[in-house]
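These features come from TrEMBL:
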type: ACT_SITE; residues: His135; note: active site, proton donor/acceptor
type: ACT_SITE; residues: Lys139; note: active site, proton donor
type: BINDING; residues: Arg29; note: NADP(+) binding site
type: BINDING; residues: Gly75, Thr76, Thr77, Ala100, Ser101, Asn102, Phe103; note: NAD(+) binding site
type: BINDING; residues: His136, Gly145, Thr146; note: (S)-2,3,4,5-tetrahydrodipicolinate binding site
type: DOMAIN; residues: 1-103; note: domain 'Dihydrodipicolinate reductase N-terminal'
type: DOMAIN; residues: 106-236; note: domain 'Dihydrodipicolinate reductase C-terminal'
Amino acid sequence: MNIALIGYGKMGQAIEALALAAGHSISHRIGIHNTDELQQISSATTDVAIEFTHPEAAYANVMHCLQQGVPVVCGTTGWLEQKAEVEAWVQAHGGAFFWASNFSIGVNLFFQVNQYLARLMEKVPGYEVQIEEIHHIHKKDAPSGTAITLAEGILQELSRKKGWANELKEDPETLPIISIREAEVPGTHSIRWQSATDLLELKHEAFSRQGFASGALQVAQWLPGRTGVFGMDDFLSL
Ligand SMILES: NC(=O)C1=CN([C@@H]2O[C@H](COP(=O)(O)OP(=O)(O)OC[C@H]3O[C@@H](n4cnc5c(N)ncnc54)[C@H](O)[C@@H]3O)[C@@H](O)[C@H]2O)C=CC1
Ligand SMILES: O=C(O)C1=N[C@H](C(=O)O)C[C@H](O)C1
């Protein structure tokens, strides 16, 4: 396959290494210094685009590819409002758009366990819940996209919480997400359920970016030929 890498930073380069080792070609490598090259991406040059850039850049990058009939795998976090516009565009005009807050297979199993535990906790008052995410100091957005997905999973199941906030609040109806930025941590997420007598903790710790990159490449191999808006539950049939 010919793969366009939009965003050639930590993730773009990790995906490139895996893609070349798997026998794929890179049609374009686009970073902040050659954004003009985006205009050259078309279905003539590219079978699938993989977009890992910046919250402010993702919308335009993704829309260009979709308008050119190029399927897009996007992992950029922190642009949720505009993402909804992209999804509406695909529903109206066709194309293939895949987004995940986290492409690691382990994290997507963790999402399922998180939601299952929240469903049990709905029947057990007396446990307070909080999410903590720890990432490297270069990360642009907070809370992480993964932490937001975890919060959404809990909110779907737990009627005593009405929303989340990226701070510790006294309000018992708000689910706190604590964001910590530390050294070069690739991504650690914990959900803590605490009662007066005990603590129940779920934790996922990425050891490197390999899991994210491998998941994104697997999805890029799966997406061409499909039409619609997809996420990891579709890919993994969860
Ligand atoms: N969904 C997932 O599994 C994962 C998502 N991410 C997300 O992916 C994004 C990128 O992460 P990293 O690669 O670690 O960041 P990075 O900062 O290492 O790389 C971002 C790259 O995007 C480029 N860029 C910025 N604006 C651009 C534009 N307008 N057009 C083209 N390129 C542009 C920069 O030059 C840079 O090379 C972040 O939003 C991060 O949260 C990161 C890891 C996993
Ligand atoms: O910026 C990162 O590095 C990561 N971003 C994603 C997120 O916001 O959840 C996924 C992963 O945790 C790494």
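For all residues, glycine too, the Cβ spot is worked out from N, Cα and C.
Look at the domain 'Dihydrodipicolinate reductase C-terminal' (106-236): DSSP puts its residues at 47 helix, 36 strand, 48 coil. Counting only same-chain residues six or more apart in sequence, the Cβ atoms lying under 8 angstroms from the Cβ of Asn102 (NAD(+) binding site) belong to Gly75, Asn108, Gly145, Thr146, Thr149, Gly187, Phe212, Gly215, Met232. According to DSSP, Ser101 (NAD(+) binding site) sits in a coil region rather than a helix or strand.
In this structure the alpha carbons, written CA, of Thr77 (NAD(+) binding site) and Lys139 (active site, proton donor) are 10 Å apart.
For the pair Arg29 (NADP(+) binding site) and Thr76 (NAD(+) binding site), the Cα-Cα distance reads 16 Å.
Mean model confidence for the domain 'Dihydrodipicolinate reductase C-terminal' (106-236) is a pLDDT of 97.
Excluding His136, Gly145, Thr146 themselves, the residues of that chain whose CB lies within 8 A of the CB mean position for the (S)-2,3,4,5-tetrahydrodipicolinate site are, in sequence, Thr77, Ser101, Asn102, Glu133, His135, Lys139, Asp141, Ser144, Ala147, Gly187, His189. Among the binding-site residues Thr76, Ala100, Ser101, Gly145, Thr146, the ones whose Cβ sits under 6 Å from an atom of ligand 2 are, in sequence order, Ser101, Gly145, Thr146. The candidate set comprises the recorded positions Arg29, His135, Lys139. Of these, His135 has the most other Cβ atoms within 10 Å. Under 8 Å, Cβ to Cβ, and six or more positions away along its own chain, Ser101 (NAD(+) binding site) finds Gly75, Thr77, Ser144, Gly145, Thr146, Ile148, Thr149.
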